[in-house]
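Worksheet: the structure to be examined is printed underneath.
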Amino acid sequence: MPKIAVYGAGSWGSALAVLLAKAGHEVALIGRHADEMEEMKRQRENKRYLPGVALPSGLLPTTDLTLLKAEMVVFSVPSHGVREAACLVRPYLSEGCIVVNTAKGMEEGTHLRLSQVLIEELPNNPVAVLSGPSHAEEVGRDMPTTVVVASEVETAKAVQDMMMTPSFRVYTNPDVIGVELGGALKNVIALCTGIAEGLGFGDNTKAALMTRGLAEIARLGVALGGNPLTFAGLSGVGDLIVTCTSPHSRNRRAGVALGQGKALDTVLREVGMVVEGVRATRIAHNLGIENNIPMPITEQAYKVLFENADAKVAVSDLMLRGKRHELEEVLEMNWLS
Ligand SMILES: NC(=O)c1ccc[n+]([C@@H]2O[C@H](COP(=O)([O-])OP(=O)(O)OC[C@H]3O[C@@H](n4cnc5c(N)ncnc54)[C@H](O)[C@@H]3O)[C@@H](O)[C@H]2O)c1
Ligand SMILES: O=P(O)(O)OC[C@H](O)CO
């Protein structure tokens, strides 16, 4: 069976390594901290990031970067670490080895999508992105999950072949831009639905945020080159649903605590795992301004997170905006023609 390396031993890297090892691949799960990886090797479990999931025998927890010489390398580090990680692994990768990014975010400062960062740093490797509604806690326990892999066709098919299992169904989609933006931007809306929950609002409010949130994700996504239909797929509405509603979601949980009045740094410390929506809010807010795209929910999220705005006032400001046609951009921009 092909050898696969997973770089990044947090929740998602660990769950994907478990999945791939159970599928019969020889898998190296490569982390940064020798003590943590040794402990994982001894206990056959990632107690900090994926408790309760046994590591199968074909999975080797390690810090040995030479094991990156594999047929496929799966990147599972937080989005802010992707460039640094790419530079670190570059000397070890075989030419032509497929690199699959699984982080959901964009690069701060450059506003590049993460596949663009990887292409810049790893010019000799085909790059694919994996996204969709997929919490590590469920994938690690073989719960039926569907995801999408985006890249040029042959690479996407190769990743689909290597990653698909009876409990992990992988679709392909050539729309890398749409798939990446859906995955990055849904985290902003998940923070917002969490905040609404923390404020004591109900399901109507959450459904409103999800639906109108998707409208603004698609608006920005299409302006940046994504296919409108991708936002109706797994990496769009699919991931939005799971992240806004699941008890596993770190972004939703962080939002709930913010809505209950806790300070952002306290919330991030308490969650203890990466909350991508915070950076994504700043990036999406800036992209909206740069591209002249109205993003009212993102704008309010930005004010609450970074300008100390009162979350209740933010909700009220959204409710009191000027009157609009529900399908304004669809009609104006001829999306369906
Ligand atoms: N957890 C999930 O269910 C899930 C599902 C799909 C996608 N993702 C995405 O996967 C990415 C990773 O999330 P996670 O949930 O595994 O995070 P996590 O907080 O569980 O773990 C992050 C891991 O990355 C390591 N790390 C941090 N910076 C690094 C760097 N510069 N180089 C190497 N390692 C570094 C940390 O030591 C830790 O092991 C995020 O972008 C997230 O959105 C997560
Ligand atoms: O736990 P979250 O909020 O980081 O979401 C994880 C995944 O993106 C869900 O698909």
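Including glycine, each Cβ sits where the backbone N, Cα and C put it.
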From A136, A150, the one annotated by TrEMBL with G8, A9, G10, S11, W12, G13, R250 for NAD(+):
A136
In TrEMBL, the NADPH site includes S11, W12, R32, H33, K104, A136, R250, V274, E276. Which of Y49, Y302 does it also list there?
Y49
Going by DSSP, is N251 (sn-glycerol 3-phosphate binding site) sitting in a helix, a strand, or coil?
helix
Would you mind sorting out which binding-site residues among D239, S249, R250 put a C-beta under 6 angstroms from ligand 1?
none
Looking at the binding-site residues R32, Y49, S134, which ones sit with their CA no more than 10 Å from the CA of A9 (NAD(+) binding site)?
R32, Y49
Per-residue pLDDT averaged over the domain 'Glycerol-3-phosphate dehydrogenase NAD-dependent C-terminal' (175-315), given as an integer:
98
Spatial neighbours of A136 (NAD(+) binding site) among the binding-site residues R32, Y49, V274, defined as Cα within 10 A: which are they?
Y49
Through the lens of DSSP with three states only, how would you label G8 (NAD(+) binding site)?
coil
So if I draw a 10 Å sphere around the Cβ of N251 (sn-glycerol 3-phosphate binding site), how many other Cβ atoms end up inside it?
27
